[in-house]
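Trainee: Features from TrEMBL:
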BINDING   33, 34, 35, 52, 79, 100, 107  S-adenosyl-L-methionine binding site
COILED    51-78  coiled coil
Ligand SMILES: C[S@@+](CC[C@H](N)C(=O)[O-])C[C@H]1O[C@@H](n2cnc3c(N)ncnc32)[C@H](O)[C@@H]1O
């Protein structure tokens with residue numbers, strides 16, 4: 001299958017990175033290399049380190065960036081390991097880091113990856129296919145309380161309690177092996193009246209399971225702090241998120257990094273010694289134009305936040 005992915009907030013992210021032609025940049029989420037290509041085109045003596053945890057994305061990015069080989073280093077890894085990745089390629093500090101979070105359209109479109117409720121496929125959802133935890137393990141091995149917690153928290157699903165209960169009931173009879181079987185259980189759990197209109201009934205639960213499989217939220221705060229550590233002064237971090245849970249973490253972490261002392265106000269002298277590390281460039285997140293949303297409906301929920309190392 002062709003690797004199709006339309007980059008979201010492309011111009012806005014490139015502008016946000018404030019690219020210097022001799023700078024060093026990291027794209028932590030290479031995907032189809034749409035953003036990376038625009039970064040590398042702007043470099044003369046500069047360098048781009050591209051990272052993705054999905055081996056298919058790595059293959060695609062290598063092909064897309066083959067004309068820029070001398071300026072690009074591509075690494076199959078999780079962006080949570082950004083410090084190790086830079087260490088391994090002998091780089092100490094960088095001038096910008098981009099994270100365009102979530103799944104690519106390609107990952108959603110390849111049925112056998114098991115990300116989509118629109119195709120029937122084994123329950124997988126791993127971005128990194130070398131890891132052992134799959135959606136199958138969550139659906140068939142988590143207890144009711146764990147299922148409820150992730151569906152409620154990561155899916156913000158109103159019917160989380162019923163969905164968790166119905167999954168457990170189904171498991172007493174049959175294992176749930178495919179995305180299609182899971183969709184049927186979710187449909188049974190959500191009362192018919194509540195299913196009219198709006199989004200697909202399985203959308204939120206699938207999002208929740210995907211986040212749990214790939215530990216998408218657990219790693220975000222620490223990664224942003226690590227990014228801040230590796231940025232040169234005036235270096236930029238640009239993060240594109242696709243749902244409110246991710247955006248909240250980015251907003252909160254940027255705010256924390258933007259603060260000086262965080263001691264309780266009644267302490268006469270500062271004991272935390274915390275220094276402001278990041279200036280917030282986007283007070284409000286940048287969102288796609290109506291034109292972009294019309295051309296690429298997947299961009300609808302995107303938000304870009306930009307910070308600058310002080
Ligand atoms: C939305 S796509 C990026 C698309 C890319 N910006 C483009 O324009 O083509 C997200 C990519 O990030 C990767 N990804 C998500 N979380 C990751 C992580 N923690 N570490 C490394 N790659 C990750 C996914 O495998 C996917 O290929």
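We number each residue from 1, going along the chain as drawn.
Note: Cβ is positioned from N, Cα and C throughout, glycine not excepted.
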Trainee: Quick test of the contact rule: Cβ under 8 Å, at least six residues beyond the ends. What residues does that give for the coiled coil (51-78)?
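Mentor: Apart from its flanks, the coiled coil (51-78) reaches 3, 26-33, 36-37, 40-41, 43, 84-85, 88-89, 104, 106-107, 110, 127-130, 219.
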Trainee: Restricting to the same chain and to sequence separations of six or more, state which residues have a Cβ under 8 Å from that of residue 33 (S-adenosyl-L-methionine binding site).
Mentor: 27, 50, 60, 61, 64, 65
Trainee: Restricting to the chain of residue 34 (S-adenosyl-L-methionine binding site) and a gap of 6 or more, list residues whose Cβ falls under 8 Å of its Cβ, or answer none.
Mentor: 5, 6, 7, 10
Trainee: Which of the three DSSP-derived classes (helix, strand, coil) applies to residue 100 (S-adenosyl-L-methionine binding site)?
Mentor: strand
Trainee: Which residues, sitting 6 or more apart from residue 79 (S-adenosyl-L-methionine binding site) on the same chain, put a CB under 8 Å from its CB?
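Mentor: Residue 79 (S-adenosyl-L-methionine binding site) has long-range Cβ partners 28, 29, 51, 53, 99, 219, 223.
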Trainee: Provide the three-state secondary structure of residue 33 (S-adenosyl-L-methionine binding site) computed with DSSP.
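Mentor: Once the DSSP labels are grouped into three classes, residue 33 (S-adenosyl-L-methionine binding site) ends up as coil.
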Trainee: Largest pairwise Cα distance, Å, within the listed S-adenosyl-L-methionine binders 33, 34, 35, 52, 79, 100, 107?
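Mentor: Binding-site diameter by Cα atoms for S-adenosyl-L-methionine: 18 Å.
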